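Database features, via TrEMBL:
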- H370, H375, H550, I673: Fe cation binding site (BINDING)
- 2-124: domain 'PLAT' (DOMAIN)
- 124-673: domain 'Lipoxygenase' (DOMAIN)
- W109: site 'Essential for stabilizing binding to COTL1' (SITE)
Amino acid sequence: MVEYIVTVHTGFLASGSTINNINIKLVGTDGESDHTWLTPWKIALTFVKGLVSSEYSFYVSCPTSLGKLVLIELDKQRLPLFPDDAWFPAKVEVKSPEGEIYNFPIYRWITDNEVHQFREGTALRVFDDTHHLGRYSRQQELKQREEEYRWDAYMEGIPHGIKAEDLSSLPCEVRFSFTKETEFAFTASIGMTELELKGLSASEEPWTNVDDISQVFYNKWTPVSEYTQQHWKEDAFFGYQYLNGVNPVLIQRCKVLPGNFPITADKIFLHGHCKLTDEMQKGNIYLCDYKRLGGLQANTINGKKQYLMAPLVLLQKTPDDKLMPIAIQLKQNPADDNPIFYPTDSEYDWLTAKIFVRSADFNEHQLNVHLLRTHLLAEVFAVSLLRNVPMIHPLYKLLIPHTRYTLHINILARLRLFSETGVFTEFASSGGEAMTTFLKRSLSEMTYTSLCIPDDIAERGVEDVPNYYYRDDGLKLWDIIYKFVEGILGHYYKSDAEVQQDTELQKWTSDIFEHGFLSQANTGIPQSLTTVAQMVKFVTMMIFTCSGQHSAVNSGQYDYSGWMPNTPTSLQLPPPTRKGTTSEATMLQTLPDINATAHGLAAIWLLSKQSSDFVALGQYPDDHFSEEVPCKMIQSFQGKLELLSEFIKARNKGLEVPYTYMDPKEIENSVAI
């Protein structure tokens, strides 16, 4: 007789323990063990959350060696007089009689009494999987996943998502942890309770004093929120936000003025007393064009028609390396009642024009830059991975950490933000009918290159804009991720032919093209992967989108929106049709009502809060990779991220407004909030 030593790891999750009996069977290339009940008296000591059974090792006896272990079978049975429960095993380690250690990653809930198969942890592509039981297990896993993770075209013209009526219909593995769910609900509750006690959440009155606006969550302001409140009127801060605020992807170099932006040289004031044509030739003029917002039917809030413009903004890089606005047109089509505003106009004419731009930026950012280009794409990446790629595949092992909580947070968003009674629908100017139109428009204009920061920076012509920390940190981060992905995938794929032959990889890619980009070839999204280099770039884009890019467009929301006049969710008066008609009173009448302000800021504050079970980029609490080479690559990846974090922290010490959103220690591994 020979003995196998079994060590069971239970995941560190609330309610992840079990007092039920566990049955195990080992399957190898040369045979199978009998089903073995793991000793009942050890259960209370062993299968408790976060504990490892090594102190109470289990033994599985066999007449002869089973050869190389391929998989294990586990099932959970209720003990007499004890209730049935759910168990979250993390992994099982088995030491063979020959002294070899086999790892079996699990990381899933076992809630029933059925037999479940789990593969040995060595990564195998579909054509590497030669054992007949291994291939069968692989097929059964994907068959089950296809039932659990089904596509749903829940809104025409936007990326498809997971079919789920509510949170309870999501598979247990992709839901929030107890800690995350409890903290999220508590944070939402205390935020709204505070606003209700202050009488802000139900008041449909306009603001009558700009200083009164600070009573909304003033006690929750960040240092950047306070800076915003102090500097929001300044042109330099207005321009700075195009580089390092929450929407740093709109600005582009302007070499020729758009035909619908008829600026006259005698009216424009340029810093440095130079000519506009000369400045454009030097590359010092930049454009922000909100044309995607054109023609949208703005919302109605508190029974009042709202206004949403599609501005054009021209900016100049000044000799002292600031980015300053020099002209604003609030509607796309030039007309006598659509004046172009300049910094030389009256204080409130110019400030009102900037407020309309900042409100347009809020809507462009929230729906396109944040929701569509991170949340919805991350959901597509996750569902395609979970449907098409088995746990044993190297791609699954590499990408699964970047899907954590994404499906749960997106279902919450659909229910609480974008449903008929959602906060965004009720209190944002682009809520309701405009939202669907805008999302369709944005997806139809999305390109693959715009999702890859090196290409995007080059296409927008912003390679040498000074003080552009989103670009500087983002390019460094992309390069670190790219080299990590290149190392991991290069370890498993030695030729382009192997990429082409991997049917699971190809199905993952084609599903993303079909369900994420609705088979629109003009996006440039790959429909299949043909080379190792193409695969590495595509996977890098996915990881960067779900981690660094989401952090860049999400984490600073309360920093720049905590002071509402800097980022109004909606506006209640039409833009001025001629100059000299604005004042502080008209500005206050234009800003959103008290309740719209309160509900908007409550949602933004909630979505900016970091959970205590936050997992930073590069951290892998779950051991999906077990081979030595990828594990060493992970350590190297973590080291490079640490160096980038140290560089960013040192740089930030010299900045008036620190840029932290691309600091790897502040970036979550996935779209989880």
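If you go along the chain as it appears here, the first residue is 1 and each next one adds 1.
Just so it is clear, glycine is given a Cβ too, placed from its N, Cα and C backbone atoms.
Of all the binding-site residues listed here (H370, H375, H550, I673), I673 has the Cα closest to the Cα of W109 (site 'Essential for stabilizing binding to COTL1').
With helix defined as DSSP H, G or I and strand as E or B, the domain 'PLAT' (2-124) counts 11 helix, 54 strand, 58 coil. If you draw a 10 Å sphere around the CB of H375 (Fe cation binding site), it holds 23 other CB atoms from the protein chains shown. When pLDDT is averaged over the domain 'PLAT' (2-124), the result is 86. Less than 8 angstroms from the CB of H550 (Fe cation binding site) sit T374, H375, A378, E668, V671, each of them six or more residues away in the same chain. Same-chain residues that are not part of H370, H375, H550, I673 yet have a Cβ within 8 Å of the Cβ center of the Fe cation site turn out to be L371, T374, A378, I409, V553, N554, L607, V671.
A simple way to gauge crowding: the CB of I673 (Fe cation binding site) has 22 other CB atoms within 10 angstroms, across all the protein chains here.
If you take the C-beta of H370 (Fe cation binding site) and look for same-chain residues 6 or more apart in sequence within under 8 angstroms, you find V246, V553, N554.
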